[in-house]
Structure formats: C-alpha cells, structure tokens
Amino acid sequence: MYVEKILQSLQKKYPYQKEFHQAVYEAITSLKPLLDSDKSYEKHAILERLIEPEREIFFRVCWLDDNNQIQVNRGCRVEFNSAIGPYKGGLRFHPSVNESVIKFLGFEQVLKNSLTTLAMGGAKGGSDFDPKGKSEHEIMRFCQAFMNELYRHIGATTDVPAGDIGVGEREIGYLFGQYKKLVNRFEGVLTGKGLTYGGSLCRKEATGYGCVYFAEEMLQERNSSLEGKVCSVSGSGNVAIYTIEKLLQIGAKPVTASDSNGMIYDKDGIDLELLKEIKEVRRGRIKEYALEKKSAEYTPTENYPKGGNAVWHVPCFAAFPSATENELSVLDAKTLLSNGCKCVAEGANMPSSNEAIGLFLQAKISYGIGKAANAGGVSVSGLEMAQNASMHPWSFEVVDAKLHHIMKEIYKNVSQTAKEFKDPTNFVLGANIAGFRKVASAMIAQGV
C-alpha cells in the first residue's frame, strides 16, 4: 500500500510529468520487497522525501546571437538529494528539456551515484537551448549567460555539474571559464573539463567502457562473454563511440550506430576511425558513414518500423542502447528476444520502456539497467573531483583500472542484493534496492 499511495500522490501532484512518473514507477515498484520487510522507511517518510527534490532552480537565460538579436531560453538546476555527498549530475542542452525530463534524470542520478561507492548526491540541470546550427561564438555567449545565473548555486563541495546531451568538453570549457571569472577561484566545480585545466583522462571513455565492463560481469556469471559476438549499439555520441571502442578492444563485433536522422548497419563491423572522424571531427551526420563504406546500409528514421527503432531489428547477441530515453520500445524488445539477444546493457538513461524492461526480466536475459550499467561516467567524474581536490592528476591506466574496479563492485552489490531478495536475475530490483538503502540510511541518520 505504501508504494501505491506514493504513486497516486505523485500523479495527483504532477499530472503532466510523464518522464518523471516513469522513472519513479520503475524504481519504487521494485523496492516493494524491501519496504514490506522493513517498515522503518515508511515511518521516516523516506519515499515521500526521496521523490521531492531538495531544491529546484529555474532561471531566464538572455544572450545575443550573431545578428545581435536578443534570444531568451530557460535554464534550470534540480538539486535532488545531498544525503550522501554534494549534488552531482550533468547539464543537458536540448529543445526537449523541461521540468519532467530534468526531474527524471535527477531522480535516477540519486540512485546511480549511490551505487558508485563514491560520496555523491544527485542532481541534473540544463536548458531548452539547442547547440545544433549555432556558431562557436553563439554557444560561448549562451554558456556564459547560463553560468551568470547558475554560479551562485554551485561549488566544489555544494553542487558539481558535468556534461550530458548537447554539453561536451567545449561547452564545459566556456562554463568553467565564466565561473572562474565570476568567483575568482580555480576549483573543481565542473567535471568533464579539458585535460589542460583539471580534466581527467578516461572521462569521455568512461560511460561506454563502464557499460561494456558491466555487461562482461553479467555474462561471466553465466559462463559467457562478448568476445566474437555481434553487438548492436544505438547513438553516435561519446557513450556509443566508446562502447564501440571497448567492444572492438575485447574482440566483439559492433555492427550498428545511429543519430536523430537514422541508423547504419555495417555487416563487416563498425569502422571506428571513420565514425570518430564523422562525429568528433566533422560533427556530421551518421548517413555520411554509409556514403563512404560500401559494406554499410543506411536507414532513415522515416523508414523505421512503426513503434520501433531499426537498430534493434538487427539480429545481435548483445544490445547497448546508448542514445536517449525511451528509444527501445516493447516491439523492439520482442524483436531482440526473438532474434536471440542474450544481453542488454543500458548506456543511456532510461532508454527502455517499462514494458520492454518487463519482457527482458521475464525472459531472464542478462539485463543491466542504466543506473548500474552506465554509472561509469559519473564514477570517473567523482574520480576527477578527487584529482582536483588533491591537485594531482592520474594516468589513463590508473583511472581505467579504478573504473573497472568500480564497475565490478557495482555489479557485485547489485547481484548480491538481487540474490538476497530471492530474484537472482533481476538486476532492476538489485540496483534500485542497493542504491536506495544507502541513501535512505543516510537520510534517517541525518534527521528530518
């Protein structure tokens, strides 16, 4: 009854925040076995407190475009929970950004950061600004205007933002530069920085590498591996590119990539150098890959199956959704399973619909939910914070080894929790309960 009461209250209070509802529903319904066995969480109103952000900040961002016209966007930062450490989570610049999207991401971040073993609370922020089609100077002016409002709410031990969709190293650089001018301090207030001013080696690789490490841990328990296996990857940003890179390093065969216009299937395996050239150097579209590689086929989004994504209709052993939320529908899940897919590891945040997740759990495949499988990115952000605090940078090998260790620990924690609650293949339950228990314990200890 406790969970049902919370969900009804949430629906009544925020009727139009569907992404936030989806994230909360997925998380707290899997907490039922814990909540039924321990009534102290209800006594301390932990769910009520957990789903309500500690602070929501919304602000106007005014900036000048290249024609000297004033443009107005909306910025926000949702500081969700700081029970186990300073707020930590990315900034997203995309037209789809609204309160519901940022709250869903912030809520997910709380549980994800709890799993990392590091002292980080959860937050998320961003703007409906679209960097696509903007000049370098326009992006710089927007970032500076955005930081003019945000700077008073963040700090190295208060709230440490990072990048997300639309916010890469370039944008972080402009944001950091403006923060430094405003406060006259050089401190680790942002992660994802360039290597010349406090960034960490292995940061851009971290989410993709970590996702593959987590998938390997899941498969190892079943006496299997990714070596020699065909893998489907969606997206073509940092997460997808470095998922593909790590898959190639361990001898797997990734055959797909995508962007908002369509997807490519390369039967010979993805040419990583060409993909990086198109996406990281030219900032081009994925269809350019098919124009240059005869072994590749391009499918535009208008030719995708109705209610589905063509990436997931390519037969594969393992799937790595690495683009955006709700990119993998129930139709896609059925297709993956009927084509013999044995492993799904989520590089993106909430890429699978709740119905799709239900099918994966029912089929008892190796399913790594995003808050566990993609926690490598924020883990290395935490390691970047540690390097900034000590003023001592670490080598790529040291950071990668620490990342690998963290992903192993996350898997161990999630797997042991699932076994504790008599559902050993349910890593959704394992991840949510493991993440929740740590945060809830800290909240109870700190009082109301």
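Each residue's number is its place along the chain shown, starting with 1.
Each Cβ is built from the backbone N, Cα and C atoms, and glycine gets one as well.
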Per Swiss-Prot: substrate is bound by Lys88, Gln109, Lys112, Gly163, and from Ser381, Ser390, Ser395, Ser415 the site also lists Ser381
If you count other Cβ atoms within 10 Å of each one's Cβ, which of the recorded positions Lys88, Lys112, Lys124 has the most?
-> Lys124
Largest inter-residue Cα distance among Lys88, Gln109, Lys112, Gly163, Ser381 [record-listed substrate binders, Å] | 16
From the centroid of the CB atoms of Lys88, Gln109, Lys112, Gly163, Ser381, the recorded substrate site, which same-chain residues not already listed sit within 8 A by their CB, in sequence order?
-> Gly89, Gly90, Asn113, Met120, Gly122, Ala123, Ala162, Thr191, Gly377, Val378
So which binding-site residues are near Lys124 (active site, proton donor), with CA atoms within 10 Å, out of Lys88, Gln109, Thr207?
-> Lys88, Gln109
What DSSP gives for Lys124 (active site, proton donor), in three states, is strand
